[in-house]
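Trainee: Mind having a look at this structure? Questions to follow.
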Amino acid sequence: MLHPPSMSEVTNTTHNPFYFILTGIPGFEALHLWISIPFFCLYTISIMENTTILTVIRTEPSLHQPMYLFLSMLALTDLGLTLITLPTVMQLLWFNIREISFEAWFAQFFFLHGFSFMESSVLLAMSFDRYVAIFRPLHYASILTNEVTGRIGLTIICRCVLAVLPSLFLLKHLPFCHSRLLSHSYCLHQDMIQLFCADIRVNSWYGFALVLLIIVLDPLLIILSYVLILKSILNTATWTERLRALNHCVSHMLAVLVLYVPMVGVSMTHRFANHASALVHVLMANIYLLAPPVMNPIIYRAKSKQICQGITRLLLQRKAH
């Protein structure tokens, strides 16, 4: 039977703790092996689906255009989110290995939040792609060339690295003089900030600025683009044209909801529901972690005829070999 960590395991008075203690599903430690089954299935689905999307876009010359290049960025981001948390989550559920070294925490924190911010940035870029495609259809190919798309991708990477690194270095130099027990099976900033006994006002303000930049500004710009898109669609001549244009946008709107609803939920839970059950925090965090990587490829496969055809051709080619 699996047991939660004891108090002697989770307290520490040193300035730089060598490791932290991860938490599984509170109150269900004895069922971790059974709980690992749906987690393993979701991780497997995410890896297979996103790898398939990337393979199809890479091997299909007809998909080498901005819309699908942005989709490949989204799939790569989702794959990164999956792989960066897979080791700590599954080793905890399978083997009850709760410890994570400070170096591993440092790396997971950077990549987890970096990929999360990157997903938001890619969705913003995809909304710009849809805006140009509907407002300037005749100039779409000349505005969003592959070179421009590559520069947008590089800008996204730089934006996310510059957003995460300051927060990480601010945390690294603060003393951990209370518990080493994290409330999740991976490293979240909202979780980590509660372990310090020093003045964390700078960290809090910087975190608040990131919330405004990522969780507030990106969705507002996406909403603005879709207000303009809907206004343009409603002014088109026929219902057929309206439905065709809306169909191109539905998958992206669903991906936006899949990312931002859990993201806002986790932030609100940590900020305003500190006294809620630990199980609520863990469930919200795991939904935030797994929903986008699992749902995004399913959404785009279901709504994109070109992706479906590419997957079919890929399967037929492998079967022929």
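Backbone N, Cα and C atoms are what each Cβ position is placed from, and that goes for glycine too.
Curation plays no part in TrEMBL annotations; they are all automatic predictions.
Because the structure is a prediction, the values reported are computed rather than measured.
Under the heading transmembrane segment, TrEMBL lists 20-45, 66-86, 106-128, 148-171, 205-229, 249-266, 272-291. What TrEMBL lists as domain 'G-protein coupled receptors family 1 profile' is 49-300.
Quick one: how deep are these features, and who are their neighbours?
Mentor: Remote same-chain residues near the transmembrane segment (20-45) are listed as 1-5, 9-10, 82, 86, 88-90, 92-94, 96, 98-100, 102, 105, 180-187, 277-279, 282, 290, 294 (criterion: CB distance under 8 Å, separation of at least six residues from the stretch ends).
Here the transmembrane segment (66-86) has long-range neighbours at 43, 46-47, 50-51, 53-54, 57-58, 108, 111-112, 115-116, 118-119, 122-123, 125-126, 129, 133, 144-146, 148-149, 153, 156, 185-186, 255, 289, 292-293, 296-297, 300, 306-307, meaning same-chain residues at least 6 beyond its ends whose C-beta is under 8 angstroms from one of its own.
Non-local neighbours of the transmembrane segment (106-128) in the same chain are 67, 70-71, 73-74, 77-78, 80-81, 84-85, 88, 100, 152-153, 156-157, 159-161, 163-165, 167-168, 171-172, 186-189, 192, 210, 214-215, 218, 221-222, 225-226, 252, 255-256, 259-260, 263, 292; each lies 6+ residues outside the stretch with a CB under 8 Å from one of its CB atoms.
Under 8 Å from some Cβ of the transmembrane segment (148-171) lie the Cβ atoms of residues 66, 69-70, 73, 106, 109-110, 113-115, 117-118, 121-122, 125, 189, 192-193, 196, 202-203, 206-207, 210, 213-214, all in the same chain and six or more residues away from its ends.
Beyond the ends of the transmembrane segment (205-229), by six or more residues, the same chain brings 117, 120-121, 123-124, 127-128, 130-131, 134-135, 163, 166-167, 170, 189, 193, 245, 249, 253, 256, 260, 263-264, 267 to within a C-beta distance below 8 angstroms of the stretch.
With a threshold of 8 Å between CB atoms, the same-chain residues lying at least 6 positions outside the transmembrane segment (249-266) that come near it are 74, 116, 119-120, 123, 126-127, 130, 188, 190, 215, 219, 222, 226, 229, 284-285, 287-288, 291-292, 295-296, 299-300, 302-304.
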Trainee: Let me know the model's mean pLDDT on the domain 'G-protein coupled receptors family 1 profile' (49-300).
Mentor: 86
